Amino acid sequence: MPSPKARSSAARSGSVPCTGGNVRYEFISLNRAPPPQLLQRQGSDPTTARLRASESPNRRRGSGSSTSSAGGQQLPEEDCMKLNPSIVGIAFSSLLAIDLWLSKRLGVCACEDASWGSVRPLMKLVEISGHGIPWLAGAAYCLYKSDSAAGQEVLLNLLMALFLDLVLVGVMKAVVRRRRPAHNRMDMFATFSVDGYSFPSGHATRAAMCARFLLAHLVLAAPLRVLVLLWATFVGFSRVLLGRHHVTDVAFGFFMGYWQYNLVEMLWLSPVVLQSMIGQLH
């Protein structure tokens, strides 16, 4: 049996041999380098073992995480979670989520199997009434048949307004490139390349602009004026009911069409310009 002095000297040296039958236990101090016998037994040199013992657990964890991040593929910035989003970003995301949910709930005529699928043919007639081709063809025919200078002036500016609407809406759709709702059934009348995009609604812009144009330049009775306003509103609502557009597409379309009329008034073609154009045609 070893003496107490031998035990204390062995404890200070960092290795306390304990004999319990045939088993031998050795305790290594974390503050001192391991003895040469243990280093030789592990097959490593003293310098490497001393470096391993001096590393802290936090440093080892940090090196492991850096190795895994370096060995793995770095995630793109847009896929990383933002821990401090801005108020504007939160508001925009919430508005977009509400818009998608409300547009899907209101798309009751998106297909024949929908809840209001029987009303779909009527909604498609309203859709055609707000399409650009019938308006362009009708305005051109009326201009050709008109005999008065005042009527020709109004119809010529209406044609200019319709072409301006097509250009502005096409540019806006090409820039924003928002897809149409997922529940939309693409069976529209006379579509073009930019019609694959949703923002803004061209029917809504055209309805709002033409309604202001007709109310400003045609002498209409009160019931007809109310009918024009109801037609413009119904055209906008039909876009959401058919599943063609989101709610914000139609809302912005009404806003854009309303202010497009102000641009038409600024670019208004006078009778002098009209007479010169007619003279060049003849």
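Keep in mind that glycine also has a Cβ here, set from the backbone N, Cα and C atoms.
Unlike curated entries, TrEMBL annotations are predicted automatically.
Annotation source TrEMBL lists compositional bias 'Low complexity' at 1-13, 63-72. According to TrEMBL, the region 'Disordered' annotation covers 1-20, 33-76. If you look up TrEMBL, you'll see 154-265 marked as domain 'Phosphatidic acid phosphatase type 2/haloperoxidase'. Taken from TrEMBL, the feature transmembrane segment covers 154-176, 213-238, 258-278.
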When you scan the chain for residues with a C-beta under 8 Å from the transmembrane segment (213-238), skipping those not six or more beyond its ends, what do you find?
109, 123, 126-127, 129-130, 154, 158, 161, 201, 203-204, 207, 250, 253-254, 261, 264
DSSP residue counts for the domain 'Phosphatidic acid phosphatase type 2/haloperoxidase' (154-265), split into helix, strand and coil:
82 helix, 2 strand, 28 coil
